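According to Swiss-Prot, the transmembrane segment annotation covers 77-97, 102-122, 145-165, 180-200, 209-229, 259-279, 297-317, 341-361, 392-412, 431-451, 478-498, 507-527.
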Amino acid sequence: MSHNNFELSPDYKDIDKKDDLNPSIVEKGYVEGVVDDVQPERKSFITKFFDDFKPAISTDEDGSALKRSLKARHMQMIAIGGAIGSGLYVGSGSSLSDGGPASIIINYTLIGIMMFFVVYALGELSVAYPVAGGFNTIATRFIDPAWGFTISWNYFINYFITFPLELTTCAITFRFWTDINSAAWISIFLVIVIIINLFGVRAYGEVEFILSTLKVIATLGFIILAIIINCGGVPTDHRGYIGGSIIKKDPFRHGFKGFCSVFTTAAFSFSGTEFIGLAAAEVDNPQKSLPHAVKQVFWRIAVFYIVSLTLIGLLISPDDPNLMGNGSTSVSPFVLAIQEANIKGLPSVFNAVIIISVVSVTNSSTYAAARTLHGMAGLGHAPKFFKYTDRLGRPLIAMVVVLLFGFFAYINEADKNGNDVSDTVFDWLLALAGLSNFFSWGSICLSHIIFRLAYKRQGRSLRDLGFVSPMGIWGSCIGLFFNILCLMAQFYVSLFPIGGKPNANDFFQGYLAACVAIVFFVGYKIYDRSHVPSLDKLDISTGLRTYENSDEEDETSSGFKHVLKKIYGAFC
């Protein structure tokens, strides 16, 4: 056979037996045989489309068939804008109404500080163990199999429910323009999410890269505009200079209860920050990509959450009837701030940005739920058939189950009789999803503490790790403390609700996630009778990626210059 028009890659050298063929060669669509007979097999689009649904041929070193297709740019944009969505743009309205502007600024700052420590701990663990299931798999090994089982299902339920919840939010957001049946909008966005998932993790990464870029640009634009509005620089705004006149009126609405109630919605706003750890099994170079992504989280918290919400507190009164849950229409406080400045056209533009953000969070929710269910199957925490992965690296069965649950969003149709069922469902799901994040984030911190203690006890050097959290164990201790504090505050608000007496409905609506977690943990303990391993016997070697002298420092730098370099390296 002539080879003038076909050059063999190094993968084909010295192959003279069918059994010697690398599985990756088969996956590329080449015919097995001796070298002289190797030729590309041409397949039609239809044939290739259906072949992609067949079981994956090769697996990663951790036994997962997920493909490492996410690049550094994907991870950085996911870290910066991946969780900017309905929690910030819409959920902040109910936070402002319940707790007032001072409460929202303080609470979002506290949750932001907590997330700063959580994400750095997560970065260290994810670079060391870039495995399927992410931090849920790590918690199973380092904390307790029963607790790993609990938070894995807890995390899955979180995003499994968030998927139809965000579809519902899409329909609510469209009420700004029209009263068209919610089912129409739900159907459109459900189809969009299904199409994105059909193209695998690379499509998810590209879509998130584009949507996150748009969200970042829009939020920065709003910050600039909000400063101008507050200073009285908008000709159509007859209020003139606003300054701190609004925030002084009712800074802590509903007192201490209102202050505590903001924790749940703040947590929901920050949900998704941990995606960079969950995606570690699908990143092409975890040691390079993940540390950069982790460092971007600080800027997202500082700029996009703290600054934007501070400006919202300066511009919107907590008793405004148009805030989420107060009036007949639900308007984002971001859109409301532009409306009250009498700027024509721009509110519709920003409302479109909110819809883009909701689509992004919806897409991310399906990703998180499907990958978590796939990871649980690998640990034996879920039926084995959920581990099925096709040739595109899609956890196909897990993905289909999650997408099917999206049809639950059609419960909005029950509102035809004026029952307000969709609003009730939104409240219940928001409370469940928001509280469950504390369990996941607390587990990340606790896993990091145990990992560091075991790592030191077994005589290993941190210099061999690909990324070391500059916050160390103490940073994780602070993060864990904040998570426990948030759970206590939410328990108080659930037991003694704002403007009412203790009742079962409010308590379970606010603390249902804790009840579910207790049932799962006790149930697994009874079934498996798992135990907590000692630090000496804890398995930290399996799946651990070490890098010789990965944390080697420049010996020529010293003194103040060295300190500045360390600070810069921690945030940039």
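Numbering starts at 1 and runs along the chain as it is shown here.
The backbone N, Cα and C atoms fix where each Cβ goes, and this holds for glycine too.
It is 259-279 that, among the stretches 180-200, 259-279, 341-361, forms the most Cβ pairs under 8 Å with the transmembrane segment (102-122). Between the transmembrane segment (180-200) and the stretches 209-229, 259-279, 341-361, 392-412, 507-527, Cβ pairs under 8 Å are most numerous for 392-412. Take the transmembrane segment (431-451) and the stretches 145-165, 209-229, 341-361, 392-412: counting Cβ pairs under 8 Å, 145-165 has the most.
Remote same-chain residues near the transmembrane segment (297-317) are listed as 79-81, 83-84, 88, 92, 96, 100-102, 104-105, 108-109, 112, 115-116, 119, 216, 219-220, 222-223, 226-227, 229-230, 242-244, 246-247, 249-250, 269-270, 273, 276, 323, 333-334, 336-337, 340, 571 (criterion: CB distance under 8 Å, separation of at least six residues from the stretch ends). Ranked by number of Cβ pairs under 8 Å to the transmembrane segment (145-165), the listed stretches 209-229, 259-279, 392-412, 507-527 are led by 507-527. Cβ atoms under 8 Å from those of the transmembrane segment (259-279) belong to residues 70, 75, 78-79, 82-83, 85, 87-88, 91-92, 94-95, 98-99, 103-104, 106-108, 110-112, 115, 118-119, 122-123, 125-126, 134-135, 158, 162, 201, 252, 290, 293-294, 297, 305, 361, 364, 367-368, 371-372, 430-431, 433-435, 437-438, 440-441, 444, 486, 489-490, 492-493, 498, 510 of the same chain, restricted to positions at least 6 beyond its ends.
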